[in-house]
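Here is the structure we will look at, set down as structure tokens.
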Amino acid sequence: MKACRCITILTGAGISAESGISTFRDSNGLWCNHHVEDVASPDAFIRNPALVQLFYNERRRNLLLSSVKPNKAHTALAKLEEELSGKGKVFIVTQNVDNLHERAGSKNVLHMHGELLKARCTATGNVFEWQKDIVGDVDRCPDCGFLGTLRPHIVWFGEMPLCMDEIESILSTTDLFVAIGTSGNVYPAAGFVKRAQFYGATTLELNLQEGSNSTLFQESIYGKASSIVPTWVDQVLKESLKK
């Protein structure tokens, strides 16, 4: 493996699956008999804001359970960033809305789909740390003071992902692009591998099983994230000592 000045890592739901993050979907893809798309869109929030808040309040409470912790894959990526400090940069672009990367110690994390432990004011656009339930007819925006303007700081269906300009800039300088625990179905993230290749990066997929865009990667390794990610990180760090 050649020396890398910049490693960009895209993470999806697969990296957090072993940490006890509930998907809140049953076998039919439903949440309390509602399609998830019906509680995760701007139109849904307009039609029934209380239902949307209930959905995200449950997800937020689940994330804050003591049983939900970073797993070995998260801690391995934090180790990679720390030990390559001074030799190169490690960026994590995550589709996940949890904070497990940060809790594991990663610093350079971009949340392209938002963050569950933050709220956003629909009146001002300001974003706030938020760890309790959002109750529309009770909670006021800490900034403007308006009632009923707070929503989860989450990118809903039909909304533009966050940090896209910054992500493109990072991809343009990336030597190695790695996708971990992603389905390859969700765009624009599923297209990052092509963007990275366009800029000359080597590409690697670490996944539980083959994803929809697996054929685009130069190499793929399959298995549980908590197993294959630490092994890969150890290999990268071992190679870096030879440089």
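Placed from the backbone N, Cα and C atoms, the Cβ positions cover glycine too.
The domain 'Deacetylase sirtuin-type' annotation in Swiss-Prot covers 1-239. If you look up Swiss-Prot, you'll see 12-31, 95-98, 181-183, Ala225 marked as NAD(+) binding site. Under the heading substrate binding site, Swiss-Prot lists Tyr56, Arg59. Feature annotation from Swiss-Prot assigns active site, proton acceptor to His113. Taken from Swiss-Prot, the feature Zn(2+) binding site applies to Cys121, Cys141, supported by sequence analysis.
Following the DSSP three-state reduction, the secondary structure of Arg59 (substrate binding site) is helix.
Checked against Ser16 (NAD(+) binding site), the recorded positions Tyr56, His113, Cys121 differ in C-alpha distance, with His113 being the nearest.
Of all Cβ atoms in the protein chains displayed, 24 besides its own lie within 10 Å of the Cβ of Gly12 (NAD(+) binding site). Closest to His113 (active site, proton acceptor) in space, going by CA atoms and restricting to the binding-site residues Gly12, Gly20, Gly181, is Gly12. Fewest Cβ neighbours within 10 Å among the binding-site residues Gly20, Gly181: this applies to Gly20.
Every protein chain considered, the tally of other Cβ atoms within 10 Å of the Cβ of Cys141 (Zn(2+) binding site) stands at 19. Every protein chain shown contributes to the tally, and the Cβ of Arg59 (substrate binding site) ends up with 20 other Cβ atoms within 10 Å. Looking only at other Cβ atoms within 10 Å, the busiest spot among the binding-site residues Ser16, Gln95 turns out to be Ser16.
Rounded to the nearest whole angstrom, the C-alpha distance between Gln95 (NAD(+) binding site) and Arg59 (substrate binding site) is 15.
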